[in-house]
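This report concerns only the one structure given below.
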Amino acid sequence: MQIETLELESFRNYERLRIEPGPGLNVFSGRNAQGKSNLLESIYVLATSKSTRAGKDIELIRFEDPVGRITAHVTREKNSDVALEMIFSQTDKKVARVNGVRHTKLAEVIGQLNAVLFDSGDLEIVRGEPAIRRQFLDLEIAQTSPRYVHALGAYRKTLEQRNRLLRDLRDARGSLDGLREVLPSWSAQLAHHGARLIDRRRLFLERLGLLAAEVHETLSDGRDSLQVVYVPSFPLDGAVDEAGVREAFAEALAAVAHDEMNRGTTLRGPQRDDLTFLVNGSDARLYGSQGQQRTVALSLKLAERQLIEELVGEPPILLLDDVLSDLDDVRRHHLFDLTERAGSQTFLSCTNLRPFSKGVLEQARVYAVSGGKLELQ
Ligand SMILES: Nc1ncnc2c1ncn2[C@@H]1O[C@H](COP(=O)(O)OP(=O)(O)O)[C@@H](O)[C@H]1O
Ligand SMILES: [Mg+2]
């Protein structure tokens, strides 16, 4: 898939921008704080409806402007070409349009365009809080599974309501018997939606883990082995399918119901899942060197690229945000080599053109970025 045109209006520090990127490597070079990451972010947001950097959508709108907009024309091999548009407003909910048709359900928009983002935040997937790993999982699975997006939404709503009930039960200190009776039905609903998430996460990680292990072996020249382990918040034991997971989840909730009423919150479920990355058998978050952690993060992203290509049938767009300076020559070489072989349209930001050979630059489209303006070199 390929972005033929990208237009930004009041997005971050871009007042107005229109570019026609090339089919291969597109390089965005400039000093700090000029808008390089913002540009790559706009493509990621169009693909996933979310930014990994912005806490709230309104941060994406250019300061003082009422509305921000991202538009792109995308050509695809496996699907018909598509016009995508996402509009953010200071006052209303975000709106997405696919070929001019407005969609309120994000599941119908996410995954029309597939993109894999590599940036300095990737390291946090390995060494940061569990919430970052869950966000990674959710955003990546969502890209290829509208069903997952639906399930996530349904789960979140149910969790919120169940937590409200648990808080009421805690604060009433047992005086609300009627409330206590409805808890099992909320638990059943939570297990229903949650099992779908857990089962999908497990399958995704099985495949991603194998691919990541292969990439990791290449990147470490066969020295280190990687194992990706899914750590759910309750034992899945013999649960082989969604129904089995649902049963195990319901049992786990029943076992902690008393605790939950005392604490006023849900203590089991996918909102507490985690991942562990074992490098040569030990936890990379705790024992890995910075270099090993970087290699794990890069392996995950490259594996994700490959997995999306397998699932969608064509390579996703690659967004490489200022990652060259963090990589040593070997990893940089592997990254270039893999991205070139993958045949992906690539958007790469950097502060200078030194890492590139003349041959690479001749094939690339190079833009200078300054103060939210682009100039084709
Ligand atoms: N919503 C916004 N409106 C206007 N400017 C913004 C907005 N969000 C970020 N910026 C500006 O964008 C600049 C950072 O852009 P960024 O793309 O992260 O830089 P870099 O080129 O270093 O990657 C900063 O100057 C910041 O003030
Ligand atoms: Mg940047």
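Every residue gets a Cβ built from N, Cα and C, even glycine.
Residues annotated as ATP binding site in TrEMBL: G30, R31, N32, A33, Q34, G35, K36, S37. Secondary structure at G35 (ATP binding site), as computed by DSSP, is coil.
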Least buried by Cβ count (within 10 Å) of the binding-site residues R31, K36: R31
Output field, ATP shell: CB within 8 Å of site CB centroid, site G30, R31, N32, A33, Q34, G35, K36, S37 dropped: S349, T351, V369, S370
Those binding-site residues in R31, N32, K36, S37 whose CB falls under 6 A of ligand 2, listed in sequence order: K36, S37
Residue with minimal Cβ packing [other Cβ atoms within 10 Å] among the binding-site residues G30, G35: G30
